[in-house]
Amino acid sequence: MLFNGTTKYRDYAIVISLFFLLNVYLLYNTAQHTQVGNSKHISSDSGEKTSNPLPSCEITDDLAKSAISRAITPSCKAKLQLEACQLKNGTFTINFPENQCPNHDSRLIDQRIGCFLDKKEARVLTEFEYKLPKSNGKATCRKHCYKAGFLYFGLEFGHECFCGNDVSNATAVDDVECRAYKCPGNENSEEFCGGFNAVEIFRTGFRSKVNHRKPTYLPPSSDSIKNPVKILFLLQLNGRNERQVKRFLKSIYLPHHYYYIHVDARQNYMFSEMQKVADFLDNIHITERRFSTIWGGASLLQMFLQVIRDSMKIEKFKDWDYIINFSESDFPILPISDFERLITVNNGKSFLASHGYNTGKFIQKQGFEYVFSECDNRMFRIGKREFPQNLRIDGGSDWVGIHRNLAEFSISDEELPRKLRKTYESILLPLESFYHTLAFNSEFCDDLLMSNLRLTNWYRKQGCRCASLKPIVDWCGCSPLVFREETMKKFELQKAISKPTYFARKFDSMVDIDSIEAAEMQSISPEKLQLNHPTYHFAFANIFKTGIDEQKLHFESLANFALKSTETRAKFRKVLRIDALRAHHNALIEIVMKIETTDGATFEFLIHRLSHVNLTENEEKLVEHGYLLRAVSFGTKFEWKEELCREYMGFVTDNDTLHTRLQWHPTEHVKKVGDKTSPEMIFKYRKGDELIEQTVVKPYDSVFGGQFDSWNVGKKLSNLTTCSNFFVDIISPSSPDDAPPLATLHFPVYTDQNAHCHVDYLRQFFKIADFCTSGDACKEKIWSTSYPDPKSDIFVGYDEDTQTLI
């Protein structure tokens, strides 16, 4: 009986185990075919046919265990488990074919140069160094130096691997000096890894160092362009500022090119607005096959490749010569006709930006040594990567201009692109290096011009703020800043010509519309611009639209409050839309809200936010360690690199993190400590007179003079059913205990439970400045979303007479 019972339980255990594994596989498979909303959401394989074995290992790698523990959905956990097992079992790495670039010569691989004197202060190979205490050897060192494009590799001191391109000044020593240390990669072999101050040098397999060619500026000509190329302009859109996108589209539109629009799968408002634009023009296509293109995600490359595939199947679009991608924050800084001429003259070449520095360092900074996996709208780091022996890596920017021949090769089923696509599913920021790497390992290596013809507004000390990336990627990276008055000089005409650069980024009309105007006047004929139009300096960005976004109680409270200010008897039905308005780059942001009443009437309101900040009247007391406190503000959805809150309305709910920003200005008496631009301060958070929390805010380094504290409202506050007043006191650490604060900020917290308090809050923090009650009346209000805005309006299509979109 005992034997039979044990057998039965064993059978049950087997069945349960098989059922569990089947469920894991099905969950993973489901994750690969998830649809988001009404859009076709593409999985990371994007059509690649792969066979995924079931996970069958114990995860021991700390990175993988951490990633799996942080994943939210079962399907994501299953995906990470599967890939971590493949990595552990050695089935993750792919063997690549031999490099087909003419600069590669297999006869040069491991060709010995000799043994040379080498010292720390006078290295022979100076470009890059790897420390490989467990794996160093000829094959390993050669692999690392080859992937970075170096001509030579050298072994020394057992665990040291050096890379470089020049051995002309090397001093030869006796070969026995390079046989002092066995290679740690295989202690039982007779392979040696150099000596003490002696490096043994070999060839990696490249014939010569590559000198990148760059395009040169072509001056405007009255002669028409012969056989102009057909460009597929790919607009990769995010956000809700559709007016800026339409303004950009108007600046680059020519009827003989194609415009292919991809909108992030999470941005349904932008998608709906772009659909309206596509209805007017046959050469504009908006794809319904949408990806969530998170920062650094594999999905960005998958989207780009899918656009190539899909565009070749559309009859009206399939004969393009180039695909060139842009974002919602790009703008031309030279005429589009000049750009078209340069591309045509260089037809056949692809335009790729180089990283501009040592390739070994680039590989290191980009995280190529690690395996990443995208799911749950995040890039998880799951382990170290084992690179194949013969893959040359390069990269730079993910803003590219790809010729048709290279584009077709990239989606083909040939061995190199097929295997590279698979490998790049697990590489961070894949579009920044995929086409570089594909070209440098193929016959296309000589068909490159190393410039993407763009100017990027880098300020890395400010743009490399990792805090904003923590929720979406297990890595730290950089993003460019928005052009402002002080950085517009970067794209002045002569500078743009000298590079040449035909486009620049980033532009944001809600931050500084003047920079867009400067670029526009440099790239577009003045007669096509309506510089004197009342809304020329206006910037709008949508916040809410009915049918797309979820109605929120505090929005409805504001709508009711606004409606009651008109003394109408009409009853509120729903909010139709809310937009942020900035009348010029120095103006405060205003709110434009459009609502519908129960009788079908519409009202549109201009609403001003009221600040509740009390600064001490004695300016001398606002100076702390030589820094003058100029302003205090608060908000949510904080953007670290631009130092502003993207929630323009000023609402704080129990689901938000409150960000309080101090604006400092250095005086002549400032005592700077390092690079810091602000002093240490104390923030006291109060509910009425009750102290909730006190935090010490350390000095901060900001190009804009900002200093911040983040406070999670939901975690810090509870039982928000009463009409409480909340405050932040800004206090100097050197002040006596009874001294008044330098400043006090007053803010409300809106919850569904304290809806009866909303009117009280709204009365304190908002003012109804103006309103209109019909479509015709609102068209006369300059602040209304119905008022004409010719710089971005597209209501008809292409006008042959003016040669513009109208």
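Glycine residues also receive a Cβ, built from the backbone N, Cα and C atoms like all the rest.
Here Swiss-Prot flags ASP264, THR293, ILE294, TRP295, ASP398, TRP399, SER479, ARG505, LYS506 as UDP-alpha-D-xylose binding site, drawing on similarity to another entry. Look at Swiss-Prot and you will find CYS57-CYS85, CYS101-CYS445, CYS464-CYS478, CYS466-CYS476, CYS772-CYS778 tagged as disulfide bond, backed by similarity to another entry. According to Swiss-Prot, the feature domain 'WSC' maps to 109-205, an assignment based on sequence analysis. Residues annotated as N-linked glycosylation site in Swiss-Prot: ASN89, ASN169, ASN325, ASN614, ASN655, ASN719. What Swiss-Prot records for 1-11 is topological domain 'Cytoplasmic', and it gives sequence analysis as the kind of evidence. Annotation comment: Swiss-Prot describes 33-806 as topological domain 'Lumenal'. The transmembrane segment feature in Swiss-Prot is assigned to 12-32; the stated evidence is sequence analysis.
A map of Swiss-Prot features onto the structure.
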residue	record	contacts (Cβ under 8 Å, 6+ apart)
CYS57	disulfide bond	ALA84, CYS85, LYS88, ASN89
ASN169	N-linked glycosylation site	VAL124
ASN325	N-linked glycosylation site	LEU234, LEU235, GLN236, PHE304, ASP398, TRP399, VAL400
CYS466	disulfide bond	CYS476, GLY477
CYS478	disulfide bond	TRP458, ARG460, GLY463, CYS464
SER479	UDP-alpha-D-xylose binding site	TRP295, GLY463, LYS641
ASN655	N-linked glycosylation site	VAL713, GLY714
CYS772	disulfide bond	PHE603, GLU604, CYS778, GLU780, LYS781, SER784
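Counting every protein chain shown, 16 other Cβ atoms lie within 10 Å of the Cβ of ASN614 (N-linked glycosylation site). Annotation for CYS445 (disulfide bond): spatial neighbours CYS101, PRO102, ASN103, VAL210, ALA439, criterion Cβ-Cβ under 8 Å with sequence separation of six or more. CYS772 (disulfide bond) falls within a strand segment according to DSSP.
In three-state terms derived from DSSP, CYS778 (disulfide bond) belongs to a helical segment. According to DSSP, the domain 'WSC' (109-205) comprises 14 helix, 34 strand, 49 coil. In the three-state DSSP assignment, the secondary structure recorded for CYS445 (disulfide bond) is helix.
Summarising model confidence by region, the topological domain 'Lumenal' (33-806) averages a pLDDT of 93. Neighbours of ASP398 (UDP-alpha-D-xylose binding site), defined as other CB atoms within 10 A of its CB across all chains, total 22. For the glycosylation sites ASN89, ASN719, the largest tally of other C-beta atoms within 10 A is found at ASN89. Largest Cα to Cα distance within the recorded UDP-alpha-D-xylose binders ASP264, THR293, ILE294, TRP295, ASP398, TRP399, SER479, ARG505, LYS506: about 19 Å as a whole number.
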